[in-house]
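Trainee: Pasting a structure below so you can have a look.
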């Protein structure tokens with residue numbers, strides 16, 4: 001395996017074809033933003049952050065980066081709204097207590113700009129690295145894939161794992177904990193996380209094989225590694241959440257969730273685990289950075 005690879009995708013395209021390619025990407029971004037606005041899946045700030053992220057992901061010749069972003073956004077939005085009322089009944093929200101009220105015009109499932117960047121920042125940085133090095137260094141491409149394996153797996157796990165019929169266990173003690181506890185894991189959640197990594201791995205592995213002229217061995221290697229990184233990222237997120245993120249339970253025994261993935265403005269209830277160091281958004285960003293770095297390091301070692 002080599003860090004750099006010969007031709008980039010569609011390098012034989014004429015200028016008119018390349019122009020059409022970018023026009024199509026622009027149309028995709030516009031449609032996604034219209035959807036985000038109409039479905040209230042993103043706040044206005046979230047839409048602006050998503051536009052900036054989408055432009056960066058659309059810049060390289062290869063469409064893989066934008067495809068991964070779209071898959072993450074569409075599946076994440078869908079799973080966030082799946083059985084939403086049931087999920088909301090399983091945890092308490094900051095607005096339910098006497099804490100500082102959040103903007104009630106924004107549904108709790110609406111993502112803000114911080115949440116958008118927490119999931120996409122390291123992918124965007126890797127894309128910048130990919131562009132600066134002439135779009136020929138696979139290491140940066142792998143970094144983008146690793147980021148989306150992690151955040152897709154973690155989002156799927158968080159949104160679907162809480163619906164598990166069995167109570168979760170705290171990953172650091174393996175003792176049962178309330179649903180919604182930071183660091184809580186379930187068999188369903190881990191299974192869904194693994195599936196998220198496999199889906200991103202399958203998309204990426206097949207894309208580089210058919211569009212970037214990667215060998216079958218290297219493409220399969222990317223698929224296998226990405227599948228592993230999805231579950232790995234979700235586990236890292238759980239460990240970070242259990243240790244560095246505070247979980248508070250109210251009088252009804254429900255975990256209190258802060259608005260917009262931030263920290264609780266006021267502790268009203270019993271602290272059941274974790275230190276009050278990081279917010280949920282900060283945990284997600286740190287997890288994405290760790291998994292992106294691990295993915296690039298693994299690829300470098302395999303290519304040595």
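Cβ atoms are placed via backbone N, Cα and C, with glycine included.
TrEMBL annotations: computationally assigned, not manually curated.
Sharing the record's features from TrEMBL:
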TRANSMEM  18-34  transmembrane segment
TRANSMEM  46-74  transmembrane segment
TRANSMEM  113-132  transmembrane segment
TRANSMEM  188-210  transmembrane segment
TRANSMEM  222-244  transmembrane segment
TRANSMEM  283-302  transmembrane segment
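Can you tell me where each of these features sits in the structure?
Mentor: Within the chain, the transmembrane segment (113-132) has long-range Cβ neighbours (under 8 A, six or more residues past its boundaries) at 42-43, 45-46, 48-50, 53, 56-57, 59-60, 65, 68-69, 72, 140-141, 143-144, 147-148, 151, 155, 260-262, 281-282, 284-285, 288-289, 292, 296.
The list of residues near the transmembrane segment (283-302) in space but at least 6 beyond its ends in sequence, with Cβ under 8 angstroms from a Cβ of it, reads 1, 3, 115, 117-119, 121-123, 126, 138-140, 142-143, 145-147, 149-151, 154, 182, 221-222, 225-226, 229, 232-233, 236-237, 240-241, 244-245, 261.
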